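Per TrEMBL, these features apply:
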TRANSMEM  84-106  transmembrane segment
TRANSMEM  112-130  transmembrane segment
TRANSMEM  142-164  transmembrane segment
TRANSMEM  184-205  transmembrane segment
TRANSMEM  217-235  transmembrane segment
TRANSMEM  273-297  transmembrane segment
TRANSMEM  309-330  transmembrane segment
TRANSMEM  336-358  transmembrane segment
TRANSMEM  365-384  transmembrane segment
TRANSMEM  404-423  transmembrane segment
TRANSMEM  435-454  transmembrane segment
Amino acid sequence: MKEEEAPPTPVSSNAQKNCCLSNKFRLANNDATGFLYQRCATGPVIMSNIFLSTALITLAEMELGCDDDGEECGKIYGFKPSSLISNIAVITGILSAFFMPIIGAITDYTNHRHTLGMVASILLVTIQAIQIGTVESTWFPMAILQAINGFIYQIITLVSYAYFPEIQATVAEKTYQWYSSLYMITMFAHEVVFLIIIAAITIVLKTSDVLTAQISQALDTVVTGVYFYFTWYFFTKKEKKSELPEGENLLTTGFSQVFKTAKGLQKHYPRSIGIYFFAVIFTEAGINSFTTISVTYMNEVLDFKAMQLSIMFLIVLVSSLPGCWFANWIGTKIGVLTALKLQLASFIALNFVAFLILTDPSKGTIAYVFGVFWGFWIGWYYPLENFVYSMIVPQGQESELAGFFLYCTQILTFLPPLIFTIMNEAGINLKWGGIHLNIYLFIGMVLIQFMLPWDECLEAAKENKMKITKNQKTLDIDDEADVHHDNV
């Protein structure tokens, strides 16, 4: 289709914004383009945290006067240095679990979605810039800022994903499918390039963990700052989606809506998307915590420094590509639910073997081999998770349930790092801290086992038994008695 034949977007300033960049840097409309730049911005943020985490552990050990022999040499601020990163993840997870419903309410019930996302992005980049000054005298306040920045990152993610259903509504189905893939490819590409650059600097200049983190934060500040500028330049200002329910406020209505949505899903779709969301809470808790725990594990047990970590995560990222392809292939061969359960079962086995073998620095080379498998299995998981969700979500409720799905992926992420910290502080070998992630994967796998057969899940989604309305106090449209009871 020629450019002049493309359907117009609902944004009056579209033409003015489009003139500012070449066509190859723009998609069909402003919101789609904004989300592309958001993906470009977040990739480097994720990777820079790996190097900062390593530096924070190193600086904590330096303050204690630890020798570089992998042995614990005391506690600082009441915890071992090896518990530092997991503690940061715990704080971030708790903040996300308790405050994301409020952020969601601001996004849905006010006209400040765009402003909220822009302010959060500015705060994130500002903290990244401040963390360039991470040295022995400042590492503890920098660690606190890191916990806060993790929560700010989740705010940006939630606000950005609020645009996703609106993008879907303005483009053709095939275009939307391509955009979904393009967004992931873009983020992955920026993660890989960022890792290669930092690894090259580390190898050529032989930088320490602390200097590597400082360079990483500086590079990320510039790159992410520029991309976030274009993100919110293209993302359009939106009016509120719904009126705030009578008698409720922004502090409580988000939690109320989460409860009502969960109740409606359990009532109408107990063995399809209802139990699937419950399973995702546990599987995401295990897999999302993998990076946090693995950074600490490789630093403390395998004695990996910044250079080795950059190589390891580069291997993981590259290996995830064939894993994504394999997910699509095996899903068509044996069915997506069976493929997802097989992924979880085999990932559990992989973790058992890996953490039982990688017990000292002499196993460093073998760790790279496991990095290939870890990347492959992670790449296998996410396409299946997203595909199952997109296929069994009740038709017509995709927009309303997108935020609930995102919340399910975050609500329990604080628990694995918390358990890891407790085990570490109790002197339990860190390999068991890594292996314990299998508990969450196993619970998720068992819950998925209780789902209806795939065809029945698809049929349940088509029936659309539930209507989620954010400006009423009910989720049900087929039961007048329940409607009256809930309104009372």
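Yeah, the Cβs are placed from backbone N, Cα and C, and that goes for glycine too.
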Within this structure, do the transmembrane segment (112-130) and the transmembrane segment (142-164) have 3 or more Cβ pairs under 8 angstroms, counting pairs 6 or more apart in sequence?
yes
Distant-in-sequence neighbours of the transmembrane segment (404-423), which means Cβ under 8 A and at least six residues beyond its ends:
79, 83, 85-87, 89-94, 96-97, 100-101, 104, 154, 157-158, 161, 258, 261-262, 277-278, 280-282, 284-286, 288-289, 292-293, 296, 389, 393, 430, 432-433, 436-437, 440
Tell me whether the transmembrane segment (273-297) sits in contact with the transmembrane segment (184-205), defined here as at least 3 Cβ pairs under 8 Å among residues 6 or more apart in sequence.
no
Can the transmembrane segment (435-454) be said to touch the transmembrane segment (336-358) if we require at least 3 CB pairs below 8 Å and skip pairs under 6 apart in sequence?
yes
Counting Cβ pairs closer than 8 Å, which of 84-106, 112-130, 336-358, 365-384 has the most of them with the transmembrane segment (309-330)?
365-384
Residue list, the transmembrane segment (184-205) vs rest of chain: Cβ under 8 Å, 6 or more residues beyond ends.
36, 39-40, 42-44, 46-48, 51, 212, 215-216, 219-220, 223, 306-307, 310-311, 313-314, 317-318, 320-321
Leading stretch by Cβ pairs under 8 Å, where the reference is the transmembrane segment (112-130) and the options are 84-106, 217-235, 336-358, 365-384:
217-235
Spatial neighbours of the transmembrane segment (336-358) far in sequence, C-beta under 8 Å, 6+ residues away:
283, 297, 301-302, 327, 330, 366-367, 370, 373-374, 377, 380-381, 384-385, 387-388, 391, 431-432, 434-435, 437-438, 441-442, 444-445, 448-449, 451, 453-454, 457
